[in-house]
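Copied from Swiss-Prot, the annotated features are:
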BINDING   Asn53, Asn54, Gly55, Gly56, Asp57, Gly119, Ile120, Gly121, Leu122, Ala123, Arg124, Pro125, Asp148  (6S)-NADPHX binding site
BINDING   Asn54, Asp115, Ser151  K(+) binding site
DOMAIN    9-209  domain 'YjeF N-terminal'
Amino acid sequence: MDIERVEQVRAVERLAHRRGLALMPRAGLAAADFVAARLPAGAQVLALAGPGNNGGDALVAATLLQARGYRVAVVMPAGPARLPDDARRAWQDWCAAGGQASADLPAHAPALVIDGLFGIGLARPLDGAWQGLIDQVNAWRVPVLALDVPSGLSAASGQPLGDPPGRPVRATWTLSFIGVPAALRAPGAAAWCGEQYLSLLGLTPAFLAEAVGPCGQATATAARRSGP
């Protein structure tokens, strides 16, 4: 079955948590594999890690890519102090691997950027500091892999957050986990998402169906029929 709403993704995450399935290592591995398939070892990768679990996914990817011979830098504008538990463990693993983090972007553009600043839960406009960082990343014009959704783009509407609208990360690729919100398939979202890919993180169709239940399946089917 297809997962096409943010609430459905959250339902899958809750069931995985109850079953003791750690999804962040799977998401980070999927991101690392995605980068490794498109960039030679030894290249410079910049992972942008935000204050939530999206940042944790980026940290897992950073740790794995460093182990594969990539030159990886991590930027954490909000620092690690308020990371949720799973993301904190990803941060600790990154530090144990010899990694460090900066609050500021480097002077020179990397070969590729991993956008793990904000995920599908972001519902507020970006403030000036976050917007300035994203503007600088966009100005580099290097390949960008957005995890779940380009930061600054609403996963619920497919539109930039804010009034007037902000300027999200302009991704080359967007790698969604578990499901792709239907709004991200809308024509207006394509300019920000780039090419869209999906990783189910090894979860089976039966698991997904159990997580969202019959009502969720019916809603997903209706969304497919009425979507853009």
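Glycine too: its Cβ is placed from the backbone N, Cα and C atoms.
Cβ packing within 10 Å was compared across the binding-site residues Asp57, Asp115, Asp148, and the lowest neighbour count falls to Asp148. It is 9 Å from the Cα atom of Asp148 ((6S)-NADPHX binding site) to that of Asp115 (K(+) binding site). DSSP assigns Asn54 (K(+) binding site) to a helix.
Annotation note: Asp115 (K(+) binding site) sits in a strand segment as assigned by DSSP.
Counting other Cβ atoms within 10 Å of each Cβ, the binding-site residues Asn53, Ser151 show the lowest value at Asn53. The two recorded residues, Leu122 ((6S)-NADPHX binding site) and Ser151 (K(+) binding site), show a Cα separation of 8 Å. Within the same chain, residues at least 6 positions away in sequence whose Cβ sits under 8 Å from that of Gly55 ((6S)-NADPHX binding site) are Leu48, Ala49, Met76, Leu83, Ala87, Gly116, Leu117. Cα of Asn54 (K(+) binding site) to Cα of Arg124 ((6S)-NADPHX binding site): a distance of 16 Å. It is Arg124, among the binding-site residues Asn54, Ile120, Leu122, Arg124, whose Cβ has the fewest other Cβ atoms within 10 Å in the structure shown. Across the domain 'YjeF N-terminal' (9-209), the model assigns an average pLDDT of 97.
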